[in-house]
Amino acid sequence: MGASERSVFRVLIRALTERMFKHLRRWFITHIFGRSRQRARLVSKEGRCNIEFGNVDAQSRFIFFVDIWTTVLDLKWRYKMTVFITAFLGSWFLFGLLWYVVAYVHKDLPEFYPPDNRTPCVENINGMTSAFLFSLETQVTIGYGFRFVTEQCATAIFLLIFQSILGVIINSFMCGAILAKISRPKKRAKTITFSKNAVISKRGGKLCLLIRVANLRKSLLIGSHIYGKLLKTTITPEGETIILDQTNINFVVDAGNENLFFISPLTIYHIIDHNSPFFHMAAETLSQQDFELVVFLDGTVESTSATCQVRTSYVPEEVLWGYRFVPIVSKTKEGKYRVDFHNFGKTVEVETPHCAMCLYNEKDARARMKRGYDNPNFVLSEVDETDDTQM
């Protein structure tokens, strides 16, 4: 093995060792420190808000019953189906009890031994079971058979009208609530996916934070707009501690951040400049930061014209410094564009400055050198004083 081959071999071993050490350091920070100090999220990766309201008085809780429609829509499916079944069974039983009372007051029950030529309020109600079945037939409108109302009692006629109207209201409300629950744009938001990790690398000569987002449906989101909020704990000059201090984070794509053409996966990025809250962070100190980056995507569903919002969040362990996303869009032989979602969240390591301040300081130094303000080739030397020429 010659000297040149040995030097190449040493360089290769050194590069592999540095990369292995970097991966081990990243794994150690993520799995050891990440587990020992689990960060609290305001927004989960799926977009659910992790917030709990405590010490809410009874008067404030009553507001939820005033806005009963929104309360029913926000119920989980198991509670909604419980309310659905309880509403129908409860109304059938309640009106069955009222029909039994009508028959009892009018002495139509067999225990009163009514004469054969006497016309009852409701024919063939012999007890609570038959009264419940008559209530079910009335409210569901399946048609009368053996039991029916006569014109003998005005109370029975009024109760029949009242139950029919109330049954229509219950049917409309409960069926409408289930239909609205199914058609909520929240379900459309499930087909919008974000990358598990955010990356920081150079893009267009600038240091950027990049996130990949994809629409799993072929139908578009009209008027899509994407933005972010950086949540962290800050202390004001007056000494006040703000737990969830919000800072606006502007995200753009190459075509701008308004009216995105969201037909294929997009890589959105935030430029880390002097106005960015990430400007003073570095690769070595990123995992030690305490922040949460919440990303929002607003748009209008093309098929229903309903507005939906998709949310996700990133904590420092989920931001990879010095990586970029793998390309996933290719062109087939048939002339179609193919998206490989197998590599949607995959990243590759790239050469990246370890801090934004270093990148911009280097650019400023180069600019000063071009203008002659900082020229290392210019050397100032002392000149000996000479006497004036004597005449």
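Every residue gets a Cβ built from N, Cα and C, even glycine.
Per Swiss-Prot, the feature N-linked glycosylation site maps to ASN117. Other Cβ atoms within 10 Å of the Cβ of ASN117 (N-linked glycosylation site), summed over all protein chains shown, number 5.
Remote same-chain partners of the intramembrane segment (128-139), defined as residues 6 or more beyond its termini with a Cβ less than 8 Å from a stretch Cβ, comprise 91-93, 95-100, 103, 122, 145, 147, 160, 163-164, 166-167. The annotation intramembrane segment is assigned in Swiss-Prot to 128-139 (among others).
Residues or ranges marked as intramembrane segment by Swiss-Prot: 140-146 (among others). Away from its own ends, the intramembrane segment (140-146) comes close to residues 123-124, 164, 167 of its chain (Cβ-Cβ under 8 Å, at least six residues beyond either end).
Per Swiss-Prot, motif 'Selectivity filter' is recorded for 141-146, and the stated evidence type is similarity to another entry. Averaged over the motif 'Selectivity filter' (141-146), the predicted model has a pLDDT of 82.
Summarising the annotation, Swiss-Prot assigns transmembrane segment to 78-102 (among others) and lists similarity to another entry as the type of evidence.
Summarising the annotation, Swiss-Prot assigns transmembrane segment to 156-177 (among others) and lists similarity to another entry as the type of evidence.
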Give the residue counts of the motif 'Selectivity filter' (141-146) per reduced DSSP state, in the order helix, strand, coil. 0 helix, 0 strand, 6 coil
